[in-house]
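Swiss-Prot annotations:
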type: CARBOHYD; residues: Asn46; note: N-linked glycosylation site
type: CARBOHYD; residues: Asn53; note: N-linked glycosylation site
type: CARBOHYD; residues: Asn204; note: N-linked glycosylation site
type: CARBOHYD; residues: Asn267; note: N-linked glycosylation site
type: CARBOHYD; residues: Asn331; note: N-linked glycosylation site
type: CARBOHYD; residues: Asn342; note: N-linked glycosylation site
type: CARBOHYD; residues: Asn461; note: N-linked glycosylation site
type: CARBOHYD; residues: Asn477; note: N-linked glycosylation site
type: CARBOHYD; residues: Asn536; note: N-linked glycosylation site
type: SIGNAL; residues: 1-25; note: signal peptide
type: TOPO_DOM; residues: 26-574; note: topological domain 'Extracellular'
type: TOPO_DOM; residues: 596-604; note: topological domain 'Cytoplasmic'
type: TOPO_DOM; residues: 626-629; note: topological domain 'Cytoplasmic'
type: TOPO_DOM; residues: 651-823; note: topological domain 'Extracellular'
type: TOPO_DOM; residues: 845-901; note: topological domain 'Cytoplasmic'
type: TRANSMEM; residues: 575-595; note: transmembrane segment
type: TRANSMEM; residues: 605-625; note: transmembrane segment
type: TRANSMEM; residues: 630-650; note: transmembrane segment
type: TRANSMEM; residues: 824-844; note: transmembrane segment
Amino acid sequence: MKRENNLVLSLLFFVIVFLMQVGEAQNRITNVNVGIVNDIGTAYSNMTLLCINMSLSDFYSSHPETQTRLVTTVVDSKNDVVTAAAAALDLITNKEVKAILGPWTSMQAQFMIEMGQKSQVPIVTYSATSPSLASIRSQYFFRATYDDSSQVHAIKEIIKLFGWREVAPVYVDDTFGEGIMPRLTDVLQEINVRIPYRTVISPNATDDEISVELLRMMTLPTRVFVVHLVELLASRFFAKATEIGLMKQGYVWILTNTITDVLSIMNETEIETMQGVLGVKTYVPRSKELENFRSRWTKRFPISDLNVYGLWAYDATTALALAIEEAGTSNLTFVKMDAKRNVSELQGLGVSQYGPKLLQTLSRVRFQGLAGDFQFINGELQPSVFEIVNVNGQGGRTIGFWMKEYGLFKNVDQKPASKTTFSSWQDRLRPIIWPGDTTSVPKGWEIPTNGKRLQIGVPVNNTFQQFVKATRDPITNSTIFSGFSIDYFEAVIQAIPYDISYDFIPFQDGGYDALVYQVYLGKYDAVVADTTISSNRSMYVDFSLPYTPSGVGLVVPVKDSVRRSSTIFLMPLTLALWLISLLSFFIIGLVVWVLEHRVNPDFDGPGQYQLSTIFWFSFSIMVFAPRERVLSFWARVVVIIWYFLVLVLTQSYTASLASLLTTQHLHPTVTNINSLLAKGESVGYQSSFILGRLRDSGFSEASLVSYGSPEHCDALLSKGQAEGGVSAVLMEVPYVRIFLGQYCNKYKMVQTPFKVDGLGFVFPIGSPLVADISRAILKVEESNKANQLENAWFKPIDESCPDPLTNPDPNPSVSFRQLGFDSFWVLFLVAAIVCTMALLKFVYQFLKENPNQRNLRVLWEKFNEPDQKSYIKDVTKCQCSSGQGMPKNGQEGANAVNNGN
């Protein structure tokens, strides 16, 4: 019993001690005044105020050891800029608050930030998102939310992914709406996306004023819109857009997070008007703390919806409580101006001595909040991820995410390894339902529905009418256009998967540069003609892909390089070959005579006769079989070799001479443009583009001559420089095809001195038609249609002229080459070797038969005597040469040989 009494006394003692410590701790807690400026009465403000109260309650219940307590004073700004400023002034002057949470809008925040800077009172906003607030450069301004401009990169990636080339922003006409525009414009320029116009909606716009803006948007070609409006104005805007017909198939609407973050609290009617739109939404990562908070919120406030602004208000309050606790309780005073001085309340604004220290602690605060990682960097929260949503059904459906390091991706926990330039949108986002309840990706623009047809300028005066030809209809008095360019453009229009209405407008007030400039001035929507693509023109217009081959050709006359005279028969062989051949005739005849002289009567007789026989025998081989018979073995070998050599030589000579007499050896009179420039010769041109290139190359004005038609060009080239014509002309390769198709036997293209991109269709800079037209050109080129048009319009007038593109040199320049000794030296060498061997054999045999004779005269006499030891010594002279013949038959010849032996 005694033990039990002691235990009770001990417990009672500890309880008394604990209560005394708690009382002392409560006495040590310091209250710190904090102001809240909000538009009381709106759904958003009520939600954020509840979140602020829950944040303070949660913080101090989980941190009972803190020495400070935030005491809040709520002031209604009544959705008015002046009232908000007055509220802040009252809080600073009369309540001496050490920080202010709020205000709600960016316009209200501007003046409050200035007051906070002057009084050293931090302004912590959880809903003012305009980027323009950062330009105030106040170190006492903290944005516990995301800057609107932080989402423009996500918007850019969406536009880039689908390849849209024009975007029209829609924004409210105030600080909030205008703040995002500079950064949005910059990022769109990075991907060459134009902003052709902007739709600015007044904050107080009536439904009729909104309808007027929507009707204007409907008449313009751009179909991609980025909407940056506050929630109430956005609801009215999309209601009218649905009513007018701007939410049907073909339109693209991209919402900023100002709207998508509050989709959860919009009613069904408002959501129904936004079906199919895309949006960038603030990403809130899942966490146990967030789920617990949502559960408590639903139980306590079942009729109030929670969104990200409430979470930011909760986190901002927690951050402020942490910062004040760290800053301590020293210097919680204001230094005010002397009350005796006659100054206004603003001029007499006090300065908080607590502000600098609170500024430092706020800048260091970092924790995991309900909305994600909370840390001020340069006074702002920095987003790492945005959510991409597609409004479908009852709300926004997540279709992907955006992160700075990875771009767009489907799942937040499955990031791609890197940004893939050529990936399709299906690889980056989940399926999308577009306006009009379609899954087909809108092309982003279309011909406006205001009945306007494309006005296409076409030149009337054209040098090469195969491209564009204008004729006057005598019945309707209208201009009818035809030609390759016209037919090709119509084929391209048919290849585009949508209808384009257009009218051809004749242009006859200038050249092609003037016509192209009309597109820049807005008089024409396009130009269809044989317009050369050049860098100078591309500075103020856009070109489609070229629909013809590229390049500029140098066309010059050709002439026959061979002079046909009475001595042309000597040209096939070089002088050396002629001399060697003549010498060879004599040598071969001499060798055969030496070998046959002692055994063959046909090579015997008077000296004059024998000399003529030498030449006669060797030369007659070229025409017919010689009458003299060759009897000795070595003579026959020599003759056979000579026969072959003469055959090859005569056949080659005949072929070469025939080529000289029958083939035109055409050579260009000029080989390159540099030779024209060096000699100062005249050059013809047709277009202003080529004129400019010639001037840039150094040609003088006096040497440049314009031609107006293919016939005129032919006349100038035919005259030549000496007779007032030109030595060469420069023309684009497509024109060369036409010109040489008519005059291929007189001229040829020898060089392409200038590189150009060919001929293309002209459009205004940034026209969305350019991409579709270019894609359609590729389709036409890949089909058989392009070849059909070329065959129809570029058929050569002279049917003997081939296509200069597929056969650029129908009359190739043949450089005549005379036959020289180098082509036959092997044959002459063989003949020389055989002759030498035969002579050596003969001399050896002759000296062997006369071993003791050294007297040349005696040897000559022996040489002139018939060889009595030869088996053919009794052969008589051939009747064809002297009336005597060989033995009548073979038996007599054999007997004669036997008798001789």
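Every residue, even glycine, has its Cβ placed from backbone N, Cα and C.
Mapped onto this structure are the features recorded in Swiss-Prot.
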residue	record	DSSP (3 states)
Asn46	N-linked glycosylation site	helix
Asn53	N-linked glycosylation site	helix
Asn204	N-linked glycosylation site	coil
Asn267	N-linked glycosylation site	coil
Asn331	N-linked glycosylation site	coil
Asn461	N-linked glycosylation site	coil
Asn477	N-linked glycosylation site	coil
Asn536	N-linked glycosylation site	coil
Nearest recorded site to Asn204 (N-linked glycosylation site) by CA-CA distance, among glycosylation sites Asn46, Asn53, Asn331, Asn461, Asn536:
Asn46
Cα distance, Asn536 (N-linked glycosylation site) to Asn46 (N-linked glycosylation site), nearest Å?
61
How big is the gap, in Å, between the Cα of Asn477 (N-linked glycosylation site) and that of Asn461 (N-linked glycosylation site), rounded to a whole number?
18
Work out how many Å separate Asn331 (N-linked glycosylation site) and Asn53 (N-linked glycosylation site) at their Cα atoms, rounded off.
26
Using a 10 Å cut-off on Cβ-Cβ distances across all protein chains shown, tell me which of the glycosylation sites (Asn204, Asn461, Asn536) has the largest neighbour count.
Asn461
Going by Cα-Cα distance, pick out whichever of the glycosylation sites Asn53, Asn461, Asn536 is nearest to Asn267 (N-linked glycosylation site).
Asn53
Where among the glycosylation sites Asn46, Asn53, Asn267 do you find the Cβ with the fewest other Cβ atoms within 10 Å?
Asn267
Measuring Cα to Cα, tell me the gap between Asn461 (N-linked glycosylation site) and Asn53 (N-linked glycosylation site) in whole angstrom.
81
